[in-house]
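> Just passing along the structure, written as structure tokens.
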Amino acid sequence: MGATVADLQATNGTAQAQAKHGVSDGRVVAVRGAVVDVAFDGGVLPALNDALVIPIDGAAPILAEVHAHLSDAAVRALALGPTGGLRRGAAVRATGGPIRVPVGDAVLGRLLSVTGEPGDDGAALAADVARRPIHRGAPPLAEQKSATALFATGIKVIDLLAPLAQGGKAAMFGGAGVGKTVLVMELIHAMVERYRGISVFAGIGERSREGHEMLLDMRGSGVLGRTVLVYGQMNEPPGARWRVPLTALAIAEYFRDERAQNVLLLMDNVFRFVQAGAEVSGLLGRLPSRVGYQPTLASEVAALQERIASVEGAAVTAIEAVYVPADDFTDPAVTAIAAHVDSMVVLSRAMAAEGMYPAIDPVASSSILLDPLVVGEAHVEVAIEVRRVIEHYRELQDVIALLGIDELGADDRRIVGRARRLQRFLTQPFAVTEAFTGQAGASVEIADTIAGCRAILRGDCDDWRESSLYMVGTLDDARRKEEAAREADARRDAAAGAASGSAGPQGAQHGR
């Protein structure tokens, strides 16, 4: 029978803490929401980030984390669970170390909380399951491996214009409702299908409904068996939401270090991590910084991002969804996160409104991997030309809106036509949306994407319908769609001609 995480923290840590560190049991002296002050009489205090276990009669124990030493005999801790029912005078047990979460094969296919407790309908974890602390440093610089290998996603616009690095960090920036979570789910699908690696998903401060839907979708698609889901939901205390990425990182680091397996680490949403940190900062009495964020914003983001690293033989590839409040890309949280990523995938509300999914802005998105030494000369040349054509089209949109496209010169009209076709060609159906759209998902090789864009830039598709290039995979798929449309037009014209021919004599007779 499985023990609760809080029980394991207490069982594994209390004897060690009291014997080795001399920390005696404490007692609660104040409760202010999620902040709990604890007094210790032995003269030795638990270290910062150590876990404390607070038993409650008739309820699961509360796990808290030490964040400040108030005096020689008291600490301030942050509860990772609801503190309802907690009273002054309650006993507190020090564990002698940071929170430890389960890792290894036992957690594959499971949904876990910030403390590693299963949140699905599966069996309890065994008491002897391997565990790792959530607080660890980044690998030494000498052991880290730079990210230069391409991480092909099968998503045309990403692979062409903002390629991801295997072992690198990529962030998808966008406001509410532009498709960040759908992109994350598609990338999980790509990882399982293409790389046969492990995926670790951290749901940070997101809706419970979305987490439930993702769990069911993964079960249905068969990818859950190689995925670990770690959730700190929107309704949980800020401490839980703040520590969820560290729990996910501890699990990913285990598979990287102990199993030498490639790991795809997905975090949705990193902005909620910053938001939870701001709440924690306020609860602990720190003065806010710009726009109300915590004064330690930059260091907290850096501590998280620098742990995402690759070593010889195994890579952790991080893909992070970042909510942009009020579509303001100058927000301090957004700029702090952007400073650490290799690839920036910017989602556009305007493109989403036009139905251009994935709604990725081809001009604003960028990647340090878009370099001839990494992806090759041909790739870079096509990417630059695609960006140039689409950017020129955007410059002409105001003129078109005022005067109409017929007032443009021949060269500008040609650029407009090719830019619109490129925008449509860079859309594609996703496997994870097949149940809603009825259209099978398409995964496209980078070579096919480059060849298709080069053909459009060359003018090979100037006489094609724009709709033939919309929501297809390769250019061959678009060609078949165009041929089918032309055949349908020919049949319709033939039927119309036959109908008008048969109506001709009758019309003449009625005229007489």
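Each residue, glycine too, has its Cβ placed from N, Cα and C.
Feature annotation from Swiss-Prot assigns ATP binding site to G174, G175, A176, G177, V178, G179, K180, T181. Per Swiss-Prot, compositional bias 'Basic and acidic residues' is recorded for 479-494. Among the features that Swiss-Prot reports, region 'Disordered' is placed at 479-512.
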> Pick out which of the binding-site residues A176, V178 has the most other Cβ atoms within 10 Å of its own Cβ.
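Per the Cβ count, the most surrounded site is V178.
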> Could you check the binding-site residues G174, G175, G177, G179 and say which one's CB has the most other CB atoms within 10 Å?
G174
> When DSSP states are folded down to helix, strand and coil, where does V178 (ATP binding site) land?
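It is coil.
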> Show, in sequence order, which residues other than G174, G175, A176, G177, V178, G179, K180, T181 on the same chain lie with their Cβ within 8 Å of the centre of the Cβ atoms of the ATP site.
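Those within range, site residues removed, are Y323, L347, A352, A359.
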> Around K180 (ATP binding site), which residues of its chain at least 6 apart sit with Cβ under 8 Å of its Cβ?
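Residues satisfying the criterion: M172, G174, D268, N269, A321, V322, Y323, L347.
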> If you run through the compositional bias 'Basic and acidic residues' (479-494) with DSSP, how many residues end up as helix, strand and coil?
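Computed counts for the compositional bias 'Basic and acidic residues' (479-494) are 16 helix, 0 strand, 0 coil.
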> Who sits close to T181 (ATP binding site): which same-chain residues at least 6 apart have their Cβ under 8 Å from its Cβ?
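In sequence order, the residues whose Cβ lies under 8 Å from that of T181 (ATP binding site) (at least 6 apart) are E206, E210, D268, A321.
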